[in-house]
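Since the structure comes first, as structure tokens, the remarks are kept for the end.
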């Protein structure tokens, strides 16, 4: 009897500890920053698995893969990634897109390392996944050697490399320009004051955008247009046995897909804001459409109850006795446009 009672108390105590741990984990996972980190991690992982898998098919067996297949793999991989995390973090899946949104005031800088870390980890894990799934095919194709260049090179499955007909700085210009086109079109797709994609179709339209960039402009450099797509898999290949040549090949090409997209995304965003965003007519602010500018977009405020709010001429936020002290100044022009996220 005594032993049975002790056993029951021990079991009850273990369950209480388990519930407490689970509750703590659940509490942590519900934190906004953690959810956004996990969203970027998962969406980038999904995009990269489909994208790198399509490249593996093209490199390892022409019967099953093609350049068009690579574009479709990355394009619809982006679509699936947006579906996975679009309403949580915006599903950037691209450090250049995150950087541009931070630089243009759409996302606070404190989120930049969180988003990028999630993207890098997701991309690295996707590279490890493709390596595991295609391991025997890679060895069979290359004769057991992990080569960066040559007719049996397989490092290109995971990262981009400069082709013979391109110079380093032409490649830099190419990557910057393509990423600028990407960011400009992303702003257009999500600008509700212009001709945005229909609700529910943004993910598909963004995926089609990636396909269009690939089939029309991707030949020169393989269109990395994304540090999160190129650098983590490159680091994985270095660890997995391809060696330091993954960094030195192509006049030390590795840094170009990291730096050029950052500059290009900002340039594309600025061009859209100056030439399109600033010239688009904006409807006068209505009381029922009052908005508060938050960290990651524009949030519609609910109507007040019995207290009649007023609109301050200096701020778009509804002003009432309950919230007058928390009013913030009106944002600059570029923040007044609904540009959204990737």
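Glycine is no exception: its Cβ is also placed from the backbone N, Cα and C atoms.
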Are residue 87 and residue 244, as given in Swiss-Prot, on the same side of the membrane?
no
In Swiss-Prot, which of 138-151, 152-165, 222-235, 236-249 is tagged intramembrane segment?
222-235
Looking at 201-217, 286-302, which one is transmembrane segment according to Swiss-Prot?
201-217
Suppose you had to name the range Swiss-Prot annotates as transmembrane segment; which of 14-31, 68-85 would you pick?
68-85
Looking at the recorded positions 20, 223, 229, which has the shortest Cα distance to residue 135 (site 'Important for permeability to glycerol')?
229
Rounded to a whole number, how many Å is the Cα of residue 223 (site 'Selectivity filter') away from the Cα of residue 74 (site 'Selectivity filter')?
11
Which value does the mean pLDDT take for the topological domain 'Cytoplasmic' (104-111) in this predicted structure?
95
List the helix, strand and coil residue totals of the topological domain 'Cytoplasmic' (189-200) as derived from DSSP.
2 helix, 0 strand, 10 coil
By a Cβ-Cβ criterion of under 8 Å, what residues six or more beyond either terminus of the transmembrane segment (112-132) are in contact with it?
33, 36-45, 47-49, 52-53, 56, 89, 92-95, 98-99, 102, 138, 157-158, 228-229, 231-233, 235-237, 240
